[in-house]
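**Q** Pasting the relevant annotations from TrEMBL:
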type	residues	note
TRANSMEM	A:20-40	transmembrane segment
TRANSMEM	A:67-85	transmembrane segment
TRANSMEM	A:91-112	transmembrane segment
TRANSMEM	A:133-157	transmembrane segment
TRANSMEM	A:188-211	transmembrane segment
TRANSMEM	A:223-247	transmembrane segment
TRANSMEM	A:275-293	transmembrane segment
Amino acid sequence: MTEYQSRQLQFSGSGGEYFRIWIVNVCLSIVTLGVYSAWAKVKRNQYFYRHTTLAGASFDYHGDPKAILKGRIVAFLLFACYTLVGKFDQVAGSAILLVIIVAMPWLLMRSLRFRLHNTSYRGLRFAFHGSTGAAYFNFLLLPVLSALTLGLLWPLAQQRMARYTRENSTYGSEFFKFFAGSGAYYRIYFMTIFIGVLVFAGLMTSVMLLGSKELIPVEADQLVAMSVLVASIGTYLALFLLAYPYVAARLQNLVWNNTQLGPHGFQAQLRAREMLGIMFGNVLLTLLTLGLYKPFADIRLARYRIEHVALLPQGSIDDFVAGLQTNSSAAGEEMAEMFDFDIAL
Amino acid sequence: MWLTAVYYDGRQARPHPVTLCVEGDKLLLQGRDIVRREELNGLKIPPPLGSTPRLILFADGGRCEVADRQGFAEMLQDAGNSAVAGMENSWWYALAALLLTLSLLAVVYLFGLPYAARVVADRVPVYLLERMDNQFFASLDQTLLMPSKLAEERRHTLQDGLRRLVLPPGEDRPAHIEFRGSPTLGANAFALPGGSVLVLDDLVNLASNDQEILAVLAHEMGHVHEKHALRQMLQASVVGLAMAWYIGDVSSLLAVAPTVLLQTRYSRDFERRADAFAAELLRANGIPVSRLADILEKLEAAHQTAAPKQPVESVEALDYLSSHPNTEERIKRLRGQ
């Protein structure tokens with residue numbers, strides 16, 4: 001068997017170039033009272049996809065702006081209904097929320113279909129074949145169960161969701177395979193909690209030490225309460241800042257390192273520390289520039305996430321053939337996005 | 001003129017290195033094991049997008065990727081180019097778009113949103129508004145609000161005083177008032193979206209005479225008259241929605257601060273109008289306008305010494321209640337009248 005060279009994904013987008021596209025599209029979206037935003041979204045996806053290359057070929061996005069516009073209108077009406085009606089009548093507001101929650105798995109499934117069906121590489125489309133029943137099991141039942149068990153089942157739920165999305169996805173006629181077990185997910189969250197405990201213990205000991213040597217002005221009988229308070233706030237802040245980039249980086253590594261497309265494997269090597277630096281810098285600069293840094297931030301994060309994934313070919317990657325074409329609506333995708341409910345792919 | 005490109009047939013992932021040239025109204029594509037001659041009209045040529053490769057999409061799913069954007073534009077005479085694509089490439093258009101965006105946002109925020117909120121507020125049915133107020137009391141009674149400790153007679157006196165006021169034309173009845181006590185909110189009165197006025201015990205106890213309380217009630221009636229609380233709430237919802245949508249993926253927590261900042265301007269404007277309404281009402285009833293200034297001064301002093309500690313979770317529930325910014329400025333204006 002011949003050894004094939006690993007192929008890194010490349011990203012060639014630049015902040016300045018994307019800024020110009022972004023601001024023109026934002027402006028047109030406002031002038032057209034939001035109608036153009038569907039076209040802007042297609043542009044945005046096309047910009048990111050076409051700048052992503054693997055083995056010399058770029059990805060592409062084919063979403064139909066008119067389909068996306070329809071989805072946006074439905075999502076906007078639902079969301080506006082929920083926020084406004086909720087103010088007048090909590091019962092009706094909760095009813096709308098319930099409808100949204102019940103519809104969410106179906107919407108997510110449609111969204112995956114739309115997104116993958118409209119993604120291509122080397123002229124072949126991706127596709128998603130997940131069933132509605134499994135969507136309800138993975139996107140509704142499991143999260144509800146994990147909420148009922150106070151999050152104990154959340155890593156398991158996440159593993160099942162990742163498995164559902166991967167194993168039902170195809171490139172051309174080839175299915176993706178997914179091997180990560182729930183144990184690996186639990187390890188990531190245990191590590192997060194472990195870091196939290198370490199931070200808490202460290203802060204608590206240092207405040208106690210400083211207090212007992214009278215380096216900070218605290219009454220002796222309040223020292224314990226004081227150190228618990230400082231340690232709790234410190235831990236909360238540390239986890240708030242650290243946990244998201246840490247979990248995001250580790251999950252992306254875990255998912256890609258356990259994904260196969262036909263015989264080909266993948267490798268992701270993101271580092272939580274670098275991810276933290278990028279995310280923190282992005283939030284800070286976006287705030288300081290009153291939001292104008294956002295396109296640069298998007299590019300920076302995309303570059304980091306894309307360029308740390310590689311394909312490990314086991315054979316020629318020219319041999320993929322087209323699969324059956326399916327059609328799908330955009331309603332799901334837009335709604336999932338509007339409600340800020342996205343699944344990392 | 002020839003152009004090198006990579007062709008994919010849409011059935012297999014294999015790249016075909018090809019050369020392209022235009023012959024009349026046809027595109028000729030030639031590779032080692034492929035030749036295609038297609039009508040230019042039958043091809044889809046997406047507009048250029050930044051420095052991404054140019055593309056030619058065939059009706060049967062075939063696809064050509066061309067890295068040489070300049071050569072592509074020359075050979076196909078900028079087919080597929082659009083006005084928007086040209087704008088996206090120019091820093092001058094980007095600057096113009098930025099300025100236009102900022103000024104449009106400013107216009108919407110300063111005029112569009114207040115106008116829309118007023119139009120909507122005038123069309124919300126009364127029963128919905130009353131239900132909102134009931135809901136408000138239902139959710140805050142027993143937590144932030146306690147039953148009033150004022151004597152029954154005292155409350156009746158105040159309500160009688162309010163009923164005896166000569167109302168400006170167009171106003172058929174005085175506001176409906178509800179008495180409550182609240183250690184957290186201290187001396188205060190609020191106009192609710194549905195038109196009820198919430199009066200807190202501490203305010204009644206703080207006033208030196210009933211005219212001062214009537215002055216505050218007149219001010220709150222000004223808010224009710226112009227549906228300030230409802231309009232504020234509608235405006236806040238839209239601003240909050242827009243903020244959450246824009247900053248949402250950065251952090252929803254960070255979206256709160258700018259939202260709060262953006263909303264204070266509205267409340268300042270509303271306070272001024274409610275003061276004007278109160279001044280007119282008081283003058284019509286022979287009550288000196290300075291009574292409102294008096295009680296405002298006392299409120300300001302009381303709030304500064306008490307340094308009101310609002311529990312965090314109550315902030316959201318209360319964000320449509322009238323806050324009272326720039327009290328000093330208001331006092332000065334009232335004294336000047």
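The backbone N, Cα and C atoms fix where each Cβ goes, glycine too.
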**Q** Please work out which recorded stretch in A:20-40, A:133-157, A:188-211, A:223-247, A:275-293 has the most C-beta pairs separated by under 8 angstroms from the transmembrane segment (A:67-85)?
**A** A:20-40
**Q** Which listed stretch (A:20-40, A:133-157, A:188-211, A:223-247) has the most C-beta pairs under 8 A with the transmembrane segment (A:275-293)?
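**A** Stretch with the highest Cβ contact count: A:223-247.
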**Q** Quick one: find which recorded stretch in A:20-40, A:133-157, A:188-211 has the most Cβ pairs under 8 Å with the transmembrane segment (A:223-247).
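**A** Between the stretches A:20-40, A:133-157, A:188-211, A:188-211 has the largest tally.
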